[in-house]
Amino acid sequence: MGLRYYSAMTQVIIVGFVCFLCPGMFNALNGTGGGGQLDTTTGNNANTALYSTFVVFGILGGAIVNLCGVRWTIFVSGFTYALYSGSYIYLNHTGSGSFTIAAGAILGIGAGILWAAQGMIMVSYPREEEKGRYIAVFWIIFNLGGMLGGILPFAINYKKDNGSLDDGVYIAFVVLECLGAFLGLALAPPSKITRDDGSSVVLVKYTNLGTETMEILKLFINPLMLALLPMCFNSNFFYTYQFDNINGGLFNVRTRGFNNIFYWGAQMIGSYAISFLLDTPRFSRKTRGMIAFAIVFVFFNAIWGGSLALNIKYPSPLPLADRIDFKDSSRAGGAITLYVFCGIGDALYQSFAYWIIGALSNDNQLLARYIGFYKGMQSFGGAIAWQLAAKKVSHRNQLVANWVLFAISVPSMLYVVWKIKDHSEPIGPKDEGSEHYEEKGVEQAA
């Protein structure tokens, strides 16, 4: 049976390609360390500005999407990615980072709204037993963008051992990101989407500004959201260490692009692999969650242990003349392998986090707010991590901070997984005319 335009899978594929072209290109650029600049200070400050505004508009994003719809919010948000990439051309020619930092703050607004819309589509459109697969389909398409974005700087800068990325790389990113913005117009309104079993993805069709304001405020007293806060905070915190300290601090400019091809490719493998566990009918949903939790726990402790060993061997940042090239197999092999495993770990973590949130409800408007909260708190962690890098906190101390934060997130993550039940179907409104539903996705918090 072919894909229908109004099917849930078609919409997830479309938003996947939007993110392939917009956040995917941003990830490729960010993954080079410092936005591809030799001096990473401006890139780190721009990321701090980006994630600072992302905190606010990530939290507000769910409400904005509920009020304005997915099509136009994604369309407008996509252009903020192009503005950010284009700002580095200005930086290349003037040496002034003010425009790039301002563009980062504007991107934080657009990204917060775009990711709220994306998350709502990805976790509320599929049936319960399909959520892991839909997350994997999105993650694979999205990270194809990161792979392509890694090929561009690798190819264009192949003959360049060190220095900043050339204008041609940034121009290519701008063109692709503009295409992604226009692709957002191809999305259909949620009210018209039906699943393969004929059910509608929309449980509630009406909302207003007052309702959305109250519901956002309630997120901050929701026991489950508060329990997930450490997981949310940590979920973007580790990017700074991986991109800036491993890839940006150890490798020359062409090898950073080379590494990103495999980092984002590994993400596709990780997400695809864990989707089989998250959707398998052989185990209860809670059991699947507990097994996935154990995998993430072991994998991340191994990553941080390997990162410590690498940092001891090659204190980052290495002097420019001593940066590792991918052709130097004796030095590059272990470091690149670790970076690739970081990509797998990120995919496992993010897929698991989205799956947990998707297990809390099937209400698309409620999930839009949950995803917005997740992205907002995620960006809070990202803002702090990038500012630590901008303030030149030692890479060893940044590594320790990452490991400690992961350890702190473990108990509350386990608590929420333990609360998950097998079904999240709405069982009726609490009050006449209310848009809220009692959910069976989790046990009531004590």
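The backbone N, Cα and C atoms fix where each Cβ goes, and this holds for glycine too.
Those TrEMBL annotations? Automatic predictions, nothing curated.
These figures come from a predicted structure and were not determined experimentally.
Record features, source TrEMBL:
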- 12-29: transmembrane segment (TRANSMEM)
- 49-67: transmembrane segment (TRANSMEM)
- 74-91: transmembrane segment (TRANSMEM)
- 97-123: transmembrane segment (TRANSMEM)
- 135-156: transmembrane segment (TRANSMEM)
- 168-188: transmembrane segment (TRANSMEM)
- 219-241: transmembrane segment (TRANSMEM)
- 261-278: transmembrane segment (TRANSMEM)
- 290-312: transmembrane segment (TRANSMEM)
- 332-355: transmembrane segment (TRANSMEM)
- 367-388: transmembrane segment (TRANSMEM)
- 400-418: transmembrane segment (TRANSMEM)
Quiz item: Looking only at residues six or more beyond either end of the transmembrane segment (219-241), which have a C-beta under 8 A from one in the stretch?
Solution: 30, 44, 47, 51, 59, 307, 342, 346, 349-350, 353, 356-357, 360, 369-370, 373-374, 376-382, 384-386, 388-389, 395, 398-399, 401-402, 405-406, 408-409, 412-413, 415-416, 419, 442, 445
Quiz item: Considering pairs 6 or more residues apart, do the transmembrane segment (12-29) and the transmembrane segment (74-91) have at least three CB pairs under 8 Å?
Solution: yes
Practice problem: Determine which recorded stretch among 49-67, 135-156, 332-355, 400-418 has the most C-beta pairs below 8 angstroms with the transmembrane segment (97-123). | Solution: 49-67
Quiz item: Given pairs 6 or more apart, does the transmembrane segment (74-91) have at least three Cβ pairs under 8 Å with the transmembrane segment (168-188)?
Solution: yes
Quiz item: Looking only at residues six or more beyond either end of the transmembrane segment (261-278), which have a C-beta under 8 A from one in the stretch?
Solution: 24, 27-28, 31, 131-133, 135-136, 139-140, 143-147, 149-151, 154, 242, 247, 288, 291-292, 295, 336, 339-348, 350-352, 355
Quiz item: Against which stretches of its own chain does the transmembrane segment (400-418) lie, if we need a Cβ under 8 Å and a gap of at least six residues from its ends?
Solution: 224, 227-231, 233-234, 237-238, 241, 286, 289-290, 292-293, 297, 300-301, 304, 308, 356, 381, 388, 442
Quiz item: Apart from its near flanks, which chain residues at least 6 from the ends of the transmembrane segment (290-312) lie with a Cβ under 8 angstroms of it?
Solution: 241, 245-246, 250, 274, 277-278, 283, 334-335, 338, 341-342, 344-345, 348-349, 352, 355, 395-396, 399, 402-403, 406, 410, 413-414, 417-418
Exercise. Could you give the residue numbers and ranges of same-chain residues that sit at least 6 residues beyond the transmembrane segment (135-156) on either side and whose C-beta is under 8 angstroms from one of its C-beta atoms?
Key: 9, 12-13, 15-17, 19-25, 27-29, 31-32, 36, 118, 122-123, 165-166, 168-169, 172-173, 176, 253-254, 256-265, 267-268, 271-272, 274-275, 278, 347, 350-351, 354-355, 358
